[in-house]
Amino acid sequence: MASMQGVNHSGVSEFILIGFSTFPHLQLMFFLLFLFMYLFTLLGNLLIMATIWSDHSLHTPMYLFLCALSISEIFYTFAIIPRMLADLLSTLHSIAFLACASQMFFSFMFGFTHSFLLTVMGYDRYVAICHPLRYNVLMSPSGCACLVAGSWVGGSLMGTLVTTAIFNLTFCGPNEIHHFVCHVPPLLKLACGENVLVVARGVGMVCITGLLGCFLLILLSYAFIVAAILKIPSAEGRQKAFSTCASHLTVVIVHYGFASVIYLKPKGPKSLEGDTLMGITYTVLTPFLSPIIFSLRNKELKNAMKKAFLSKLYPEKI
């Protein structure tokens, strides 16, 4: 970060986040709504982690990855939403240069860690359904630990690469970011110099390649999974096999559905209102939906949560 401050040739020491300035009369409503969604996201992910930790029947690779996913989601939302909530109640929307760089780094780090973990979970389901006899070997504790560690290291590298590329540019002023977070496209509009276009294309290519690569690997996993499920003779067996994938597949569709809208949207006239509302989908809505989907669509986890909850309310009946 110190090197980033050193290359800030324009002398810009802070930026102004003006994402919600076009909704002056709705800011209190947005604050209350986003605060509720943020607290629900935190509590939902903490509940998932606590349930998995307390129920020994859930100490399997699939739920280890789900725990890691919940942790990455908590950190991702913590990097963005508290600052956003503070801005909604404040008349000063400034953010220091290094704070902006830090926010971008952590949001990209945990965002891509999330994508890598979803890919790992797809691979886990592929091994479980297509190679059940080799599952314990392929998904050994050390193997699972390496996959989780690799996801976090990969996310850190992506965060470092994107943040370093953006904040090594020269910012010429004005310093108003047309977003509610330090996001790449609005920051690129504030940069000047001959290398801005090259950096923009490079960062865009890295982000799209990372997301698309993860998505294609998940798609490949599910192609093999569907082929294996169709070979199961009984309808009950097919349903049972697919039910283990339902929650993961739903989260993947939501995650990449919103990501594709952000990164693959066609160029055209843009408005601050549209960019702000679109940004809410991947910073607030997607993390909010994820624990709901896993809690409702995963039968084992849902039953474990009911058991844990009822044991606290009616210990004599459990």
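Count begins at 1; order follows the chain as displayed.
Positions of Cβ are set from backbone N, Cα and C atoms, glycine also.
Within the chain carrying the transmembrane segment (28-50), a Cβ under 8 angstroms from the stretch's Cβ atoms is held by residues 20, 66-67, 70-71, 73-74, 77, 81-82, 84-85, 88-89, 284-285, 287-288, 290-292, 294-295, 301, 305, 308, all 6 or more beyond its ends. Feature annotation from TrEMBL assigns transmembrane segment to 28-50 (among others).
Positions annotated as domain 'G-protein coupled receptors family 1 profile' by TrEMBL: 44-294. When averaged over the domain 'G-protein coupled receptors family 1 profile' (44-294), pLDDT in the model lands at 88.
According to TrEMBL, the feature transmembrane segment maps to 62-82 (among others).
The transmembrane segment annotation in TrEMBL covers 94-123 (among others).
The transmembrane segment annotation in TrEMBL covers 203-230 (among others).
Taken from TrEMBL, the feature transmembrane segment covers 242-264 (among others). With a cut-off of 8 Å between Cβ atoms, the residues of this chain six or more beyond the transmembrane segment (242-264) that come close are 62, 114-115, 118, 121-122, 125, 128-129, 204, 207-208, 211, 215, 218, 222, 225, 229, 278-279, 281-282, 285-286, 289-290, 293-294, 296-299, 301.
According to TrEMBL, the transmembrane segment annotation covers 276-296 (among others).
Proximity of distant same-chain residues to the transmembrane segment (276-296), defined by a Cβ-Cβ separation under 8 Å and at least 6 residues beyond the stretch ends, is recorded for 19-20, 22-23, 34, 37-38, 40-41, 44-45, 47-48, 66, 69-70, 73, 76-77, 80-81, 84, 179-181, 183, 247, 250-251, 254-255, 258-259, 261-262, 265, 302, 305. Cβ atoms under 8 Å from those of the transmembrane segment (94-123) belong to residues 1, 4-5, 8, 12-17, 62, 65-66, 68-69, 72-73, 75-76, 79-80, 83, 147-148, 150-152, 154-156, 158-160, 162-163, 166-167, 177, 181-184, 187, 210-211, 214, 217-218, 221-222, 248, 251-252, 255, 259 of the same chain, restricted to positions at least 6 beyond its ends.
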